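Undergrad: I'd like to ask you about the structure that follows.
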């Protein structure tokens, strides 16, 4: 009986979201996700225009969505892995 109870507790802990787990991309290419720190509950993708046909892309976690400008397009979202 104790084994069954312990198994149920372990399964419950594994299945429940017990902490902060927002996941966002953290590299220019959409390959590697990272868990955001506490307080940063949005994913951000910033596309920066460097030359007429060249762009840099920055992805990561943020607490406040920055504003877009003429040379920087900012897209924020608040679900896991949404900054592709």
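Heads up, the Cβ atoms here are built off N, Cα and C, so glycines get one too.
It should be emphasised that the depicted structure is a prediction, and the values quoted were computed from it without experimental measurement.
Copied straight from Swiss-Prot:
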- 24-43: disulfide bond (DISULFID)
- 36-61: disulfide bond (DISULFID)
- 65-76: disulfide bond (DISULFID)
- 77-82: disulfide bond (DISULFID)
- 1-21: signal peptide (SIGNAL)
Undergrad: How would DSSP class residue 61 (disulfide bond) in three states?
TA: strand
Undergrad: So which disulfide-bonded residues out of 24, 36, 43, 77, 82 end up within 10 angstroms of residue 65 (disulfide bond), measuring C-alpha to C-alpha?
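TA: Final answer, ordered: 43, 77.
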Undergrad: Express the distance between the Cα positions of residue 36 (disulfide bond) and residue 82 (disulfide bond) as a whole number of Å.
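TA: With the alpha carbons as reference points, the distance is 13 Å.
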Undergrad: From the Cα of residue 76 (disulfide bond) across to the Cα of residue 24 (disulfide bond), what is the distance in angstrom?
TA: 11
Undergrad: So of all those disulfide-bonded residues, 43, 76, 77, 82, which one's Cα sits nearest to residue 61 (disulfide bond)?
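TA: Sorting the disulfide-bonded residues by distance from residue 61 (disulfide bond), the top entry is 43.
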Undergrad: Where does residue 82 (disulfide bond) sit by DSSP, helix, strand or coil?
TA: coil
Undergrad: Looking only at Cβ atoms, how many others are within 10 Å of the one on residue 77 (disulfide bond)?
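TA: The Cβ of residue 77 (disulfide bond) has 15 Cβ neighbours within 10 Å.
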